[in-house]
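J.: Before we start, here is the structure in question, set down as structure tokens.
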């Protein structure tokens, strides 16, 4: 029936609706505990923790890494609010049953501050994961960290934490991951760390840890990842590390380990990466390492290893990266190396490998991309089998002894992937630049420095046009006499070094038409000028904005500094030193004030004063050995990035620039040989490492506390990694240099070590006592106070200068004894105490017994075994000298009285007789030679 009622049509939908509603409500009931589990005391602790730190404001350029992805910093704690569920806060994970916080991830949260022992963090007793990576937290880790006994992961890397690892760390017995890298932790690794038996990952790299690695580290049987590089560990590598059978990654680079690699490392058959480079390891590499068949990376570079590379090294069949450069390996290069299929990088440069080269029988295309075997003792030619390395991108065979046979450059035409070729200092025949460039269609960098290169300006003999892909070309020391015209077509050229040649004439103007040229080194040639702007390719008509580094030192340039330089608006480094430029420094260089970081105009004939309104971005300014006059411009105070200021050997007439102490980055100050005068005011130079104000007219006394705030010379070792040499300079392209009096000689520092410290106040008119505060400069290497008027005693505090190598206090007015404490300065190789008023026992230290006698001469009464030893026949003990002198004086006094008596009586008789004659007779024979007329003549002559 149409329109009749069907009960099922209503029952079914109602039933379904009821079921859906029931399921939904049931789900809410079940899910409710996971959404509202925040415990009030946990929330309060987190909010208090939030207030313990400052939150920075990252800029758009700041970034950090999370899960190997680059992300922007994010202030995680800003989203924490009192009126919301803390288990839903960012960075918080709660236990689903108890509601307690078990994970706290505040990595990359821009937090500042330090932990206190009563931090609210330690109230989160059930915390399992704590990640504070990549913040700016500092201070020590309080021992209260040991209260978080449930921790399994503790990650504090990339902060500013310092001090020791707290001993309470051993309470974290459940810890599986401990990451403390890239902080300032110091001291030794506590041996109790060996009790953390669940540890699988230990990351302590890039800190200031020292001492020996505790052997207890071998107890961490679950460890798979151990990273300790870039610290100050020393001693031998503990053989107990060989017990870590599960270890897959072992990083020990950049420390001071000595001795051999433990043979027990051969037990680490799960090892994939072994890095022990940049230490002081020696001896043979244990043959047991050939057991590590899973090894993909073996890094042994920059040590003192000896012996040969085993022929069966191909047993390491998974090796992808083998680096053993800068050692003392001998023997031949095993051709079996080239039979390791996965091998991508091989670096054996700077060893003593010898013999002829054989690259083996390569049956299939090699995966090798980097073959670096230069600076050895190989002889012969380059094997033609090199062409089989079809994936090769970098090849370095510098210093190959080809026995004066030519190099077959056609080999390289088969290497379609070759990007970087280094063949410097071969003993080959002349290389014709015009002939070889056509072989390189894809090459971007070519180094043939130190070879005899012909660059005759002619058309290429090859039918192929020369490559136009080269971006970097090294032609230093090639005996070139004419600028290579073939470079004119190298439009991709960005880096060109033609230094140390014999190129004469003008620097060609077409150079400036190369649109990508950013580095040009013309130093040590015989150039006379830059091509005039009136020429066809003159400097006024070309684009020059790409030039960043220009070196033209030690040539024959004359006249004024060319004004075209002012148009190099991107210029970062300008070195025109050791030429014959005259006139003043161009004012147009003001156009470079925002880009120029390094300006070296040393050893020219420049005159006038230093400009007042340029160079505000400078990091290094050297105008020494010119004819500059006037005063130091006070505008220097605005050079906030200035690290080096050298104005030596000019005619600057000014008082001491105490106001330079406001330059917080100033490290080198040289005012030597000018006309500076007056007292030197007390000033704070927190980063100053080298100061030379010698040979001026400074006077007055030095305040007792003068050196108290010279912190860089006092505690340099705390701030610098002295295990690896670092030099002052702007990256790869420029390194500062200077001349300094050291050990009595003028020593040229071609590069300035960042840990080098020196103080030279010699050749002035200082008086008074040497300040006792000089003993605070514990990092000082050179101290020269000679040729002044210092008086009083040499301060015994100088005995604190434990790093001192050279001490000169000669030509002063010092009195008293040489402090016995100086005898304990084991590095003091040179000393000079001469020309003072010193007396007493000379210290008996070994270094004192190695000096020349002249170091002690012209004093009042120095004596002692040390002096007897260094002077030997030249020296008579002071006490004996005094006795001899007194006896001689007594004898001379007796003789004088006798002589006086002998002459006295006849003298009286003669005097009375002459007096009688003068009064009575005045004879003419007497008056002519001795009388009035002669007196008149003498008076006239005198006037």
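The backbone N, Cα and C atoms fix where each Cβ goes, and this holds for glycine too.
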J.: Write down the single range among 898-918, 919-939 that appears in Swiss-Prot as transmembrane segment.
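T.: Transmembrane segment, as annotated by Swiss-Prot, spans 898-918.
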J.: Under an 8 Å Cβ to Cβ limit, what residues of the same chain, 6 or more beyond the ends of the repeat 'LRR 3' (172-196), are close to it?
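T.: Result: 128, 133, 145-146, 148-165, 202-220, 222, 227.
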J.: Mind checking how the repeat 'LRR 7' (268-292) divides into helix, strand and coil residues in DSSP?
T.: 5 helix, 7 strand, 13 coil
J.: Could you put numbers on the helix, strand and coil content of the repeat 'LRR 21' (619-639), residue by residue per DSSP?
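T.: Residue counts in helix, strand and coil order: 5 helix, 7 strand, 9 coil.
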J.: In terms of Cβ proximity under 8 Å, which residues at least six beyond the ends of the repeat 'LRR 21' (619-639) contact it?
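T.: Answer is 577, 585, 597-613, 645-654, 657, 659-660, 662-663, 670, 672, 730, 734, 736, 738.
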J.: Under a Cβ pair cut-off of under 8 Å, which of the recorded stretches 268-292, 569-592, 640-665 contacts the repeat 'LRR 24' (686-709) most often?
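T.: Per the Cβ count, the answer is 640-665.
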J.: Which secondary structure state does DSSP assign to residue 800 (N-linked glycosylation site), in the simple three-class scheme?
T.: helix
J.: Quick one: give me the count of other CB atoms within 10 A of the CB of residue 784 (N-linked glycosylation site).
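T.: Around the Cβ of residue 784 (N-linked glycosylation site), 24 other Cβ atoms lie within 10 Å.
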J.: Using C-alpha atoms, which one of the glycosylation sites 361, 391, 784, 800 comes nearest to residue 354 (N-linked glycosylation site)?
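T.: Of all the candidates listed, 361 is nearest in space.
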J.: Which one of these glycosylation sites has the most other Cβ atoms within 10 Å of its own Cβ: 67, 391, 800, 852?
T.: 800
J.: How many Å lie between the Cα of residue 582 (N-linked glycosylation site) and the Cα of residue 67 (N-linked glycosylation site)?
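T.: Here the two Cα atoms lie 59 Å apart.
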J.: Pick the one among the glycosylation sites 118, 582 whose Cβ has the fewest other Cβ atoms within 10 Å in this structure.
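T.: Looking at the glycosylation sites 118, 582, the Cβ with the fewest others within 10 Å is that of 118.
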